[in-house]
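To start, the structure itself, in structure tokens.
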Amino acid sequence: MTKYIFVTGGVVSSLGKGITAASLGRLLKNRGLNVTIQKFDPYINVDPGTMSPYQHGEVFVTDDGAETDLDLGHYERFIDINLNKYSNVTTGKIYSSVLQKERRGEYLGGTVQVIPHITNEIKERVFRAGRETNADVVITEIGGTVGDIESLPFLEAIRQIKSDIGRDNVMYIHCTLIPYLKAAGEMKTKPTQHSVKELRSLGIQPNIIVVRTEMPVSQDMKDKLALFCDIDPKAVIEAADADTLYAVPLSLQEQNMDQIVCDHLKLDNAPADMTEWKALVDKVRNLSKKTRIALVGKYVELQDAYISVVEALRHAGYTFDTDVEVKWVNAEHVTAENVKELVGDTDGILVPGGFGDRGVEGKIVAIQYARENKVPFLGICLGMQLASIEFARNVLGLEGANSSEINPDTPYAIIDLLPEQKDVEDLGGTLRLGLYPCKLTPETNAYRAYNEPVVYERHRHRYEFNNQFRQEMENAGFIFSGTSPDGRLVEIVELQDHPWFVAAQFHPELVSRPNRPQPLFRDFVQASITNKESK
């Protein structure tokens, strides 16, 4: 029988529910259990694909092309599994599905209501996640905060699941906050007590409470919370601020959280062997070298917009005993006059993905600087497109070269719409999304990175390199080192006369793992370290 664990949050958002869920998933996986994990987001958007990164942070793309919440990135990195479209569910998706069924007449003329129709649809998404992956344990994180109007149908659905399949098969974990008041010099449990009271009023009694805190939680305080919240004192788990996210699973294990879960769910698996994970955390805490990478983007004020990129850089650094420091450079501020001042003190330059024209010219200036000064460069998605445009402008002399996305009237559309995108009107869910093959050219940096003739990477784009300019650019030293298997679509480009200048149309950051860095990121960071040492 599949077991179900539900993770809710209270008091404030951004408490780290996702990290808690991912860490528990890692512990259960290391006990030999097949774990899958999903995130329920209460917003009415069908997915975050058209949402601003300022609103939502990064959009994480799965193998099967779902545009999802950034928490799925944490899940994949911690548990080391590839998730699918069933791993992220929104209110918009639920209502869309129910309304389509109503139009097809599947409700036999009945009145369609939140209970049972919406809640049944939510429950079906929970159970489907288990069925599709043949999971022993399904962990479901409920986005938002208990008390939000938007979350109510989800909370009612997960309440019903305990009645449907029995208490031994369901567990509720509530993440909350114990604030520290500096003026009073005290930590306060009252917000947590009220949050649990709110949750219990909805019919859900948490089995474990995970408390986020800046300061250590005393045993007296745990006993007090246990008394008022009606749980075992051992089930009050402290989630103190950690020096690295990857230390969280070890902290939870030290407090026997995974054993409490297994005892409740009647799982008799052996304790998790976290030897390799401990070695990883020790390595992360004792890196002996440093390198500095300039990340030139337009959402740099909100670092969550590039969270997978930053994690992929860190993972690559771990391989070389190196702490990768990211210098955040706002692309809108970069000019030919100040580019050296802004990126000259870094060892490598990275231009990540994005949409729209804001900050584009600054990114192109940064790319030109990397090309002319032999600085290691990695371009991702839009970064690859702009690297192509920069080369066309400044090496081929094609003045005004651009992308038709940025300037529809450009005389040289180096980047243009994919043919199948010409007549697409809807923005949501219509990009080239998900896993596609890429054929690599031998004796290139890309091939050396992967050491494979064909690789599969995740994509999220609408525009593509225009093959009309391919031969001319190739003749000038622009290498097309990765293409679709039929050779039609350009996937990776690099420079002939440069130590390491590689740009990819796909998003390599999405598949990086802390113990298995993505090959392009690994070689980019290695080239940056070499560049630093040669100065």
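Glycine is no exception: its Cβ is also placed from the backbone N, Cα and C atoms.
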Request  = Have a look through K123, K222, K224, K234 and flag the one Swiss-Prot assigns to the UTP site that S13, K188, T189, K190, P191, T192, Q193 belong to.
outcome  = K224
Task = Return the residue out of D63, D64, D69, D71 that Swiss-Prot annotates for the same ATP site as S14, L15, G16, K17, G18, I19.
result = D71
Query = The L-glutamine site in Swiss-Prot includes Y54, L382, G383, M384, Q385, E405, R462. Which of G354, G356, G434, G487 is also listed there?
reply = G354
Request  = State the Cα to Cα distance, in Å, between Q385 (L-glutamine binding site) and H507 (active site), rounded to an integer.
outcome  = 13
Key: Integer Å distance between the CA atoms belonging to H507 (active site) and C381 (active site, nucleophile)   = 6
Note = Not counting S14, L15, G16, K17, G18, I19, D71, residues with a CB within 8 A of the CB centroid of the ATP site are G9, T20, A21, H74, E141, C175
Query = Taking the residues S14, L15, G16, K17, G18, I19, D71 listed for ATP, what is the greatest CA to CA distance in Å, to the nearest whole number?
reply = 12
Query = Within the chain of E141 (Mg(2+) binding site), which residues six or more apart in sequence place their C-beta under 8 angstroms from its C-beta?
reply = V7, K17, G18, A21, I37, Q38, K39, F40, D71
Remark   = Most isolated by CB count within 10 A, of the recorded positions L15, C381, L382, is L15
Message = Using the alpha carbons only, what distance in Å do you get between G354 (L-glutamine binding site) and H507 (active site) once rounded?
response = 11
Message = Across the region 'Amidoligase domain' (1-267), what does the mean pLDDT come to, as a whole number?
response = 93
